[in-house]
Amino acid sequence: MNIYYEQDADLAVLQNKNIAILGYGSQGHAHALNLKDSGMNVCVGLKTDSASCAKAREAGLKVDTVAEAVKWADIVMILLPDQTQKSVYDNEIAPNLKSGATLAFGHGFNIHYKQIVPPADVNVIMIAPKSPGHLVRRTYTEGNGVPCLIAVHQDATGDAKAIALAWAKGIGGTKAGVIETSFKDETETDLFGEQAVLCGGSAELIKAGFETLTEAGYPAELAYFECMHELKLIVDLYYEGGLSRMNYSVSDTAEYGGMTRGPRVVTSAAKAEMKKILEEIQDGRFAKEFIDECNSGYKKMNELRESNRNHPIEVVGAKLRGMMSWLKKK
């Protein structure tokens, strides 16, 4: 796997190019401001009624409609929600995209699953920082950066990779390291991590643990602390130094109990189900299901959201978080 640093990227590749960033959310604001501060000519493309227009202008950025920004741009970065990208592309990007332009993405979903099929005469690249946008921005202002992924799906002009590397450098990524991958690998591993571990697996583990304790008669408050609240303490240790750091930092009782009982929770049956989830991602079944869900008005998703909001752990959690001064907004 190739990893690139400062000396491997040249910001001059982006100079004298017009850069449009579509979207001004978590990632959009970070990319726009970092590239602007790196000396690039940046315009943010937004709907005319977007609340983000004022924010972007206040930050000193040029703002225009999506269509006009794309007409003007040599490089167009799409940092919009996955489910809205196809419609915006079909209606506002494709009719205005220059031949020889570069189309960039922060995630590979729409390219990999062929929701967006760009013409052969444009570059298609990805630059994906592996952190939230606020951290991309903060580390840049501190003179550092966060690790990034880059990928080239289509190289029409012969310099698509150089553009991706220059972009990564412009947002600070080459100071940490830039890993080369593919749209396929980024998309499939990202979706799997979200579904099986980060957003799906962990949430179900928390709820199951909470329910096991409360059904056995223990107070909901204690169940919340042990199964939800303290998870951050453990995840922070993983984040800082991996599994070994966590095992070193907890008590011997916790370490032994975790190593001997954990495999009884995440069993071979759970891993077999993970493999099925991965297969659904690889063969496109999940993508089709999600796209159909979006097109049908989010009926199932809204029902699941409501179910989660009404779970007892949310009720007791809201009460206990009210006791935590460090969580209260100043």
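Cβ coordinates are placed from backbone N, Cα and C, and glycine is handled just like the others.
The domain 'KARI N-terminal Rossmann' annotation in Swiss-Prot covers 1-181 and is backed by sequence analysis. Swiss-Prot lists Y24, G25, S26, Q27, K47, S50, S52, D82, Q83, T84, Q85, G133 with the feature NADP(+) binding site, giving sequence analysis as the kind of evidence. Residues or ranges marked as active site by Swiss-Prot on the basis of sequence analysis: H107. Marked as domain 'KARI C-terminal knotted' by Swiss-Prot on the basis of sequence analysis: 182-327. Annotated Mg(2+) 2 binding site per Swiss-Prot: D190, E226, E230, in sequence order, evidence recorded as sequence analysis. Annotation source Swiss-Prot lists Mg(2+) 1 binding site at D190, E194, citing sequence analysis. What Swiss-Prot records for S251 is substrate binding site, and it gives sequence analysis as the kind of evidence.
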- Query: If you measure every Cα to Cα distance among Y24, G25, S26, Q27, K47, S50, S52, D82, Q83, T84, Q85, G133, the residues said to bind NADP(+), what is the biggest one in Å?
  - Reply: 21
- Item | Per-state residue totals over the domain 'KARI C-terminal knotted' (182-327) - DSSP helix, strand, coil | 124 helix, 0 strand, 22 coil
- According to DSSP, folded down to helix, strand and coil, what is Q85 (NADP(+) binding site)? helix
- Would you mind pulling the DSSP three-state label for S26 (NADP(+) binding site)? helix
- Cα distance (Å, whole number) from S52 (NADP(+) binding site) to S251 (substrate binding site): 47
- Near the Cβ of H107 (active site), how many other Cβ atoms are there if near means within 10 Å? 21
- What DSSP gives for the residue listed as 'active site', in three states, is coil
- Spatial neighbours of Q83 (NADP(+) binding site) that are distant in sequence (at least 6 apart) but have CB under 8 A: F290, I291, C294
- Item | Predicted model, mean pLDDT over the domain 'KARI N-terminal Rossmann' (1-181) | 97
- Note on the structure: Cα-Cα, E230 (Mg(2+) 2 binding site) versus E194 (Mg(2+) 1 binding site), nearest Å, comes out at 21
- Query: Non-local Cβ contacts of D190 (Mg(2+) 2 binding site) (under 8 Å, 6 or more apart, same chain)?
  - Reply: H107, G108
- Between S26 (NADP(+) binding site) and E194 (Mg(2+) 1 binding site), how far is it from one CA atom to the other, in Å? 18
- Task: Would you mind reading off the Cα separation of K47 (NADP(+) binding site) from E194 (Mg(2+) 1 binding site), to the nearest angstrom?
- Result: 29
- Three-state secondary structure of K47 (NADP(+) binding site) from DSSP? coil
- Message: By the count of other Cβ atoms within 10 Å, pick out the sparsest of the binding-site residues S26, S251.
- Response: S251
